[in-house]
Amino acid sequence: MGRFIFVSFGLLVVFVSLSGTGADCPSGWSSYEGHCYKLFNQQSQWAHAEKFCTLQHTGGHLVSFHSTEEADFVVKLAFQNFGHGIFWMGLSNVWNQCSWQWSNAAKLKYEAWAEIYCVYFKSTNNKWRSRACRMEAYFVCEFQA
């Protein structure tokens with residue numbers, strides 16, 4: 001009897017330990033390093049995709065990459081699920097946070113940008129490219145678990 005309790009307790013400890021190794025993501029989301037990711041099979045403009053991601057889960061946004069390994073994980077996920085395609089990620093110049101300065105050191109007081117650009121990746125590699133944010137692409141949402 002004592003051996004049965006010991007073995008049962010040991011199995012419980014192993015189960016609890018293993019269940020904590022991945023992020024606790026909702027059904028349909030994939031986990032990696034404490035974050036949850038979901039690819040959406042619909043195309044949208046960047047701003048609409050970002051808004052959609054914020055509505056999917058508290059703290060949700062378009063995916064942001066903080067390491068080569070994370071980017072490789074998401075790109076592989078995109079290719080496995082969709083084959084070839086382009087996917088928005090959360091990088092853009094929409095908020096115009098860059099500190100532009102004229103070569104004569106004058107501050108930028110007048111702007112006439114032609115386009116606002118957002119960044120996407122292809123599901124065939126993890127190289128980033130930019131295109132007009134008004135264009136449509138698939139997208140990946142992410143939140144921290």
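Placed from the backbone N, Cα and C atoms, the Cβ positions cover glycine too.
According to Swiss-Prot, the feature Ca(2+) binding site maps to Ser64, Glu70, Glu142. The DSSP secondary structure for Glu142 (Ca(2+) binding site) is strand.
What Swiss-Prot lists as disulfide bond is Cys25-Cys36 (among others). In this structure, Cys36 (disulfide bond) is part of a beta strand by DSSP.
Under the heading disulfide bond, Swiss-Prot lists Cys53-Cys141 (among others), citing sequence analysis as support. Neighbour list (Cys53 (disulfide bond), Cβ cut-off 8 Å, at least 6 residues apart, same chain): Gly60, His61, Leu62, Phe139, Cys141, Glu142.
Among the features that Swiss-Prot reports, disulfide bond is placed at Cys118-Cys133 (among others), with the record citing sequence analysis. Cys133 (disulfide bond) has a Cβ environment of 22 other Cβ atoms inside 10 Å.
Across the domain 'C-type lectin' (32-142), the model assigns an average pLDDT of 89. Under the heading domain 'C-type lectin', Swiss-Prot lists 32-142, citing sequence analysis as support.
According to Swiss-Prot, the feature signal peptide maps to 1-23, an assignment based on experimental evidence.
Shown in sequence order, His35, Tyr37, Val63, Phe65, His66, Val74, Met89, Gly90 are the same-chain residues outside Ser64, Glu70, Glu142 whose Cβ sits within 8 Å of the Cβ centre of the Ca(2+) site. In this structure, Cys25 is the one among the disulfide-bonded residues Cys25, Cys36, Cys118, Cys141 with the smallest number of other Cβ atoms inside 10 Å of its Cβ. Cα distances from Cys133 (disulfide bond) to the recorded positions Cys25, Cys36, Ser64, Glu70 are smallest for Ser64. Around the Cβ of Ser64 (Ca(2+) binding site), a 10 Å sphere holds 13 further Cβ atoms from the protein chains shown.
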